[in-house]
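Here is the structure we will look at, set down as structure tokens.
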């Protein structure tokens, strides 16, 4: 009698390997992961222990996944903002692991530090069967471990756990104070290099007496700083407003703002609750004060609807991201005056910079500039006094 062998229509383990050599086939993944779960199951005595062990293995994988993905990215740049890190996980990490983006990313309504990644039909649970007494097992704990490692190694310490909700949900809870603050858009102030223009052209005939030219005020040089310092002290409040440059954002910054807005517009209505403004700003790397948030809300929500659209949010974030008067930048400007490193700007320091600027200021005018900024009456301008006077204008 001839032997017959039957094969099921969906014999998963006998499917051909996928063509790309850089990827593991679905059949190989199912086999390897089922073996991994079986290995973990033989060493634990409860579902909770099994999930904890899967999460621990996931954390080991996650650290290596991050290194591999960052190496593939152009410029090998790691994310430096919470929102960027979460979108990186939802997109690049999920695609690398499961061939597609995660279904949804949401932020908790009652906790600014909690986010959810939702996957309705997670591949990780598809090919695993367990005894009835272990039916609560969620193999997505392995994925939770991967995500936790990716975020933690990116500089955003978090605890990630898997739950049965809307399919499978990974709950991401960032540690208190774990959000990394980024420098202002464009990074810290970079002082441009002053190039040597070389010696003047030689004339074959008569040498003409050269006129002494005024040095140009280049942004970030002591000359420009002194000019702005002078303008700030001498200008009226209305003039200071006119001195402020119109904020402009790059396309990348606008895209980041749009992504932050969409993250909190979960129902797709095109509006978000004004109470979520602080959380949305934190997602973009800012830490606004309570008074600042109240002021922003009063300016946006004049009709008291409790909602704001993307245009309102863009206006707020454009102003915020365009501010150049950070403490770090202003103190760098302060050091350009304080060449003798006394920690204060003296009359001598200001006179030196005025001379470099080519400003014909009398000693009385220079002293007036000092007196305008000198709040403690010691005859010099301290860092704090300099911060106060420079913040009167948005030139820095």
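Glycine too: its Cβ is placed from the backbone N, Cα and C atoms.
Per TrEMBL, the feature region 'Disordered' maps to 175-253.
The compositional bias 'Basic residues' annotation in TrEMBL covers 201-218.
TrEMBL lists 229-238 with the feature compositional bias 'Polar residues'.
Feature annotation from TrEMBL assigns domain 'EF-hand' to 252-287 (among others). Within the chain carrying the domain 'EF-hand' (252-287), a Cβ under 8 angstroms from the stretch's Cβ atoms is held by residues 80-84, 86-87, 105-107, 112, 179-182, 185, 293, 296-297, 300-301, 306-310, 313-314, 316-318, 320-321, all 6 or more beyond its ends.
As annotated by TrEMBL, domain 'EF-hand' applies to 288-323 (among others).
Annotation source TrEMBL lists domain 'EF-hand' at 325-360 (among others).
According to TrEMBL, the feature domain 'EF-hand' maps to 361-396 (among others).
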Helix, strand and coil counts within the domain 'EF-hand' (288-323) (DSSP): 24 helix, 3 strand, 9 coil
Taken over the domain 'EF-hand' (361-396), the model's mean pLDDT: 78
